[in-house]
Amino acid sequence: MAETTTAQKSVKFIIERQDAPDKPSYTEEFEIPYRPNMNVIGALMEIQRNPKKSDGSSTAPVCWESNCLEEVCGACSMVINGKPRQACSALIDQLQQPIRLQPMRTFPVVRDLVINRERMFNALKKVKAWIPIDGTYDLGPGPRMAETKRQWAYELSKCMTCGVCLESCPNVNDRNSFIGPAAISQVRLFNAHPTGEMNQEERLDALMTDGGIEGCGNSQNCVRSCPKGIPLTTSIAAINKDTTKHMFKKWLGI
Amino acid sequence: MNDRNSYFPRKLHSLLGVIPLGLFIVEHMLTNFSAYEGGPEGFKDSVAFLNGLPLVFFLELFGIWLPLLFHGVYGLYVAYQSNLNTGRFQYGRNWAFTMQRITGVVTFIFVVWHLYQTRYQVMVGNVTHEELGGVMHDVANSPFYLVLYIIGVIAATFHFSNGMWAFLVSWGITIGPRAQRISSYIWMGVFVICSVMFLMSLFAFRGDEFKEAASAALAWANLV
């Protein structure tokens, strides 16, 4: 058809907003022009450029966090149409409209879609998710890692601490001190490392304190939600085995 | 170590669910099934066998009462600590997680009520062990009680079967996804078998042959 003007396609958004951590939340609707291959971040940038609600009235631009734009940093995690995921890899063409954006409320909301994921960093510190190699002299090269082990350990190293597994977990909430799936999988990663293995008991001990691994209730939402496909429930079960063995060894004094 | 440590009570809760409570529910199922297989005499014999066990008071105290109390009360706390998010995540395992908590609470209430109707009445002397078949005859013939018993029994067997699945994960026995999947098939099979056996026993108690003992139990049953 020889039409020179076509109806402008648009994308509808319903965004849950909050002005400050202690302020009540409210929703606002937006309608922005469609562009091919658009993602949710692109749509949020459009709202930032022209912060008008769908009824035409002005509002403050929506706040969000993003960084890498290729689903490796985890900064733009939010709840999109009910599921926690990264906004950068959420393509408009694949989403049902109106698109609902909410902050991941498992974490304290800073403003709009911006959340504070500090508890995940604290969890990594609690389980000592690193390999201590510093010494007063050259410790020399560490033991080598078997290639077969490296292959599955690499999958665990893809964790970007995005918080999606904690958001999907029914046992991560304000009545429960559960550390969450991500840190447990990191314990498995660092305990698998030939040098990290030398401190494995410290990490297991950390998971056997309040809010540790026993908080897992096996709902297995984490493994279904993880954007990097990390076998979180396998990690949890493997560390269940290690902590159980560690517990009996400590009781028996061996 | 931390002063307030939830690891050991949670681990104990998990262990007690299997030993002795898991073993007990299987024993209870087999005892009940003797009512289906052997009628009033078979059921009486099974009850007499259990009461004839040596140190039966201590077996009951350490094998049933105390573990049940801890598992039940701590279990209520575990259920309180969980969000139910099947609305957002409608995966099978998440439903099982949710049902584990719901059936846990239902089973707790059911067990307290069931103990009051049977074991407590024996303890205070309203009925004897021999008359329990009659008590169950009255229960199974009341449509209201029967429905509550069916709900309670199915909740208990689900909680046991799915709890066994979770126990194997929580103690690091079934680790990989394949092991956990096969385990879930096995335990769902156990759930069906246990439910059917319990319900067959329950309906066996409806038979007239259990009636004679029923009249003796009738006096207190009106009070319940």
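These residue numbers are counts, starting from 1, taken along the chain as shown.
Every residue gets a Cβ built from N, Cα and C, even glycine.
As annotated by TrEMBL, transmembrane segment applies to B:12-35 (among others).
DSSP assigns B:H28 (heme binding site) to a helix in the three-state reduction. According to TrEMBL, the feature heme binding site maps to B:H28, B:H71, B:H114, B:H159.
Sequence-distant contacts of the transmembrane segment (B:55-77), counting only residues of its own chain at least 6 positions beyond either end whose CB sits under 8 Å from a CB of the stretch, comprise 9-10, 12-13, 16-17, 20-21, 24, 104-105, 108, 111. Summarising the annotation, TrEMBL assigns transmembrane segment to B:55-77 (among others).
Feature annotation from TrEMBL assigns transmembrane segment to B:98-116 (among others). Within the chain carrying the transmembrane segment (B:98-116), a Cβ under 8 angstroms from the stretch's Cβ atoms is held by residues 68, 72, 75-76, 78-79, 82, 84, 86, 148-149, 151-153, 155-156, 158-159, 162-163, 166, 224, all 6 or more beyond its ends.
Annotation comment: TrEMBL describes B:146-173 (among others) as transmembrane segment. Panel annotation: around the transmembrane segment (B:146-173), residues 11, 14, 17-18, 21-22, 25, 96, 99-100, 102-104, 106-107, 109-111, 113-114, 139-140, 180, 183-184, 187-188, 190-191, 194-195, 198-199, 202 of the same chain, lying at least six beyond its termini, place a Cβ under 8 Å from a Cβ of the stretch.
Marked as transmembrane segment by TrEMBL: B:185-205 (among others).
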Among B:H28, B:H71, B:H114, B:H159, the most crowded of the binding-site residues [Cβ within 10 Å]: B:H159
